[in-house]
Amino acid sequence: MARTKQTARKSTGGKAPRKQLASKAARKSAPSTGGVKKPHRYKPGTVALREIRRFQKSTELLIRKLPFQRLVREIAQDFKTDLRFQSSAIGALQESVEAYLVSLFEDTNLAAIHAKRVTIQKKDIKLARRLRGERS
């Protein structure tokens, strides 16, 4: 049997289009609500990582000065009334407190990562303090 030449035919692109479900059709035909655009949102964790990088780069104090000063004075009241503080003493206390807290949170984060978690918990802080030899 001799071969015959095939002629070009218009293709329909494969499968025939399926009928839409009633719910999809209703959703598509419903008018949009005035074209109000949703505000942009970053994926969970993106902003947190950005803040971590920003605060690790910075050197300024993160706790506000006046609330910290009030707290120091309130704690000192338990030991002796009418104590006076130099502003440099409060500043030195605040520097050391923030350095302590940052290192504690670093150790706490390592404990959480060791437990295959990304969220720090109370038990991580307890473990970090116990490993440091602090009381609790």
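For all residues, glycine too, the Cβ spot is worked out from N, Cα and C.
It should be emphasised that the depicted structure is a prediction, and the values quoted were computed from it without experimental measurement.
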Task: Residue from K24, K122 to which Swiss-Prot assigns N6-butyryllysine - done: K24
Open item on the list: To the nearest Å, how far is the Cα of K37 (N6,N6,N6-trimethyllysine) from the Cα of K57 (N6-propionyllysine)?
Closed with: 35
- [ ] According to DSSP, folded down to helix, strand and coil, what is K57 (N6-propionyllysine)?
- [x] helix
- [ ] Could you check what DSSP calls K80 (N6,N6,N6-trimethyllysine) once collapsed to helix, strand or coil?
- [x] coil
